[in-house]
Amino acid sequence: MGDHDVALCHVSRYNHANYWAFVPLPTVSDDTGCDSLHHDSASERIRMAPPASASKAGAAEERLHPYERRLLDQYQIHLQPANRNPLSRADSAAGREETAQTPAQVQMVPVVAVADSTSDQHASVASSQDLVDLFFLEGSQAVDGLCFSPYPIYGWRTAEERRAAVCEVFKTYNVVTRLPASPAALAAAQRRYSRHRHSAIAPINKSAIETREQYWRRLSNLYTQKGVKDAASAADAAATTATNGAVPAAPAYEPEDPFYIIDLGRVVEQMARWRHELPMVRPYFAVKSNPQPAVLEVLSALGAGFDCASKEEIHMVLGRQLVASPDDIIFANPCKQLGDLREAQACGVTYVTVDNPLEMEKISRLMPSAHAIIRIKTNDSKAQCSFSTKFGAPLEDVEGLLEAARQFNVTVCGVSFHVGSGNDDQSAYVSAVRDAYQVFQQAVQYGFKCTILDIGGGFPGTEVVEGSGNTSFEAIARTIRPVLAELFGGGDVTIISEPGRYFTAASHALLMNVFASRTLRLSDVEVSRQAFQSVVSMDEPEEYQYYVNDGLYHSFNCILFDHAHPTLLLLNDGDGADGVESGTEAAAVCSEEEGETSLSGPLANDPLFMSAWDRRRSFARRPLRITTIFGPTCDSMDCILKKQPFPEMKLGDWLLVPDMGSYTTAAAGFFNGFATRRLEWVSSVDLCARPRPVYTREGNTLRCVSE
């Protein structure tokens, strides 16, 4: 199927747990020249209030491309002007201008009525691609620079410049946006098209939509095969070089080396989702979570600021020219080393977080131009990673901090908090915002006018599994929007945040190879316990130990430092999840089946569907064994799975680990000389807002014939 290249974003868009509605079906045409079929998705809409500038918005909508107009109509989005006047503040440093901007163009909460705090929110966007298309449409020339909310777009770039900047990053890192479609997906699309071509009612099975796991599995198979081919090509080139008498260069990597597949499109999608859910809050990406240059460059292009914890991170951001000015950086380490303070002063960084009087004294001596943001303690008892034991001033200590700031002549300009990472208690966010408001009032009594609210980070970046009890980002956003509007909706407060894992967690998938194994006899006690649990096959009462080429000293440091629980998936484990079959056979098997429902109106995006053959492979899964998995180093503590049920593996098997994009590579070392160096760049979304592609039938397959 290599000749059937279909845009990846139109083939592998996955169904997010929080976006159940189906995405639009791509336009399909006969090679005989029949009329194309257009379908729009159907879902409940949420009406917005009329735009403030109806005449200008109406004129802009009249000039919109039909596809763009359909997007706005589909999600009930109205164009409106935004408050683009940046907040001015007095700067106490000698020799500088009287007034300066707050973190470059960070949007302010305008004066709006807060009777209905959700009235300015749009309907949930069903498609990842639609989210991205809407993000780049907002503020563009196509809509006369108008916004979809009362808040200006992030950063200093225009909409067109943002898109061009992201495209340039993709070009620099050779990001692959086109991959072959799976035979099952194209066969399923062909069958539904031919069968229901003239009908508005078609059977749709939600369970057939390609999930994020299936997406990663499909890419994993492609790139493991690519590694073998690249290694063979390198060997041929080395042989040719040796024949000519030159010393052959060492290969970039071996075919069995571990590697990352990095989906930069997911980062773009997450920014689009953030803008949709929290348009009043500008994100300052936590560099510590993933300092990969490509990730930083994409986020810079999208208008993010940066949360830096050290002078090295400040140098990284400024050296790569990722910000318009140092005011796009917040030095968010409450306890800073003296050298870092000196360097921040030299670099022109202004905004720093503080949580104790000694820090106020240090800042007054070493960073006199700083504007302090008081970090307060929050209730993070239900967080996966809590920080209040180390950072944050209790509310009863805030007055002492304000007194110290006045004593040492340090300007206090705002309040920050962090409720911890993975905090499922939504009330913690509300309480923290209200506590911050209380500090705003206290600051006035000491002669300080606070104009910045930093709501921290820790927002979830992965899909919420139904029944897990975890809280989605959308649910958190719905919780904090009303309280932000109620307490900080007066127009004189800049609201920022410090998300890290939110942007990158789901953007990386790790592939690692099994390079050794052995078995150990289980003790009688362990045999009895495992037999009682009836979990694993006890025909061979042994512990199976495997060795893989990434471990605790490298990507899996997140187990120790981030309290993470990575998911290990065995590729080609015999359950059909990775199976590939002929298009004809798949189409034949994908017939009437249980669970199909008839939906009137729009069809789902056919290339998203996996065939019934994919889900009904008769191969039995490999037997479950008591399994321990070690990393590659000589340390016996390098263990990522210990005596747990796992499918039996063999030498050369690949393990897929999704959601490995935050606090993994950032803290990875080179212990014993091991490292994961190979990176493969892809994008699951397209950057071009345009109609869906047109497909034509050729026998039993579909071919993309237009962009």
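Yeah, the Cβs are placed from backbone N, Cα and C, and that goes for glycine too.
Keep in mind that what you see is a predicted model, and the values were worked out from it rather than measured.
Copied from Swiss-Prot, the annotated features are:
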| type | residues | note |
| --- | --- | --- |
| REGION | 83-102 | region 'Disordered' |
| MOD_RES | LYS288 | N6-(pyridoxal phosphate)lysine |
| BINDING | SER421, GLY458, GLU498, PRO499, GLY500, ARG501, TYR663 | pyridoxal 5'-phosphate binding site |
| BINDING | PHE561, ASP562, ASP635 | substrate binding site |
| ACT_SITE | CYS634 | active site, proton donor |
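Shown here: features listed in Swiss-Prot, placed on the structure.
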residue : record                              : CB count, 10 Å
GLY458  : pyridoxal 5'-phosphate binding site : 27
GLU498  : pyridoxal 5'-phosphate binding site : 26
PRO499  : pyridoxal 5'-phosphate binding site : 29
GLY500  : pyridoxal 5'-phosphate binding site : 25
ARG501  : pyridoxal 5'-phosphate binding site : 26
PHE561  : substrate binding site              : 12
ASP562  : substrate binding site              : 20
CYS634  : active site, proton donor           : 8
ASP635  : substrate binding site              : 14
TYR663  : pyridoxal 5'-phosphate binding site : 24
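Considering only the recorded positions LYS288, PHE561, CYS634, ASP635, the residues lying within 10 A of GLY500 (pyridoxal 5'-phosphate binding site) on a C-alpha to C-alpha basis are LYS288. Taking the C-alpha positions, the distance from ARG501 (pyridoxal 5'-phosphate binding site) to ASP635 (substrate binding site) comes to 29 Å. With PRO499 (pyridoxal 5'-phosphate binding site) as the anchor, the candidate recorded positions are LYS288, PHE561, CYS634, ASP635, and the one with the nearest CA is LYS288. Mapped onto three states, the DSSP output places TYR663 (pyridoxal 5'-phosphate binding site) in coil. Note: the CA-CA distance between GLY458 (pyridoxal 5'-phosphate binding site) and CYS634 (active site, proton donor) rounds to 34 Å. When the Cα of CYS634 (active site, proton donor) is compared against those of the recorded positions LYS288, GLU498, PHE561, ASP562, the shortest separation belongs to PHE561.
Closest in space to GLU498 (pyridoxal 5'-phosphate binding site), of the recorded positions given as LYS288, PHE561, ASP562, ASP635, is LYS288, taking the CA atom of each residue. Here the CA atom of TYR663 (pyridoxal 5'-phosphate binding site) lies 8 Å from the CA atom of PHE561 (substrate binding site). The DSSP secondary structure for PRO499 (pyridoxal 5'-phosphate binding site) is coil. For LYS288 (N6-(pyridoxal phosphate)lysine), the same-chain residues lying six or more positions away in sequence with a CB closer than 8 A to its CB are ASP307, ALA309, GLU313, GLY500, TYR663, ALA666. DSSP classifies ASP562 (substrate binding site) as coil under the three-state reduction.
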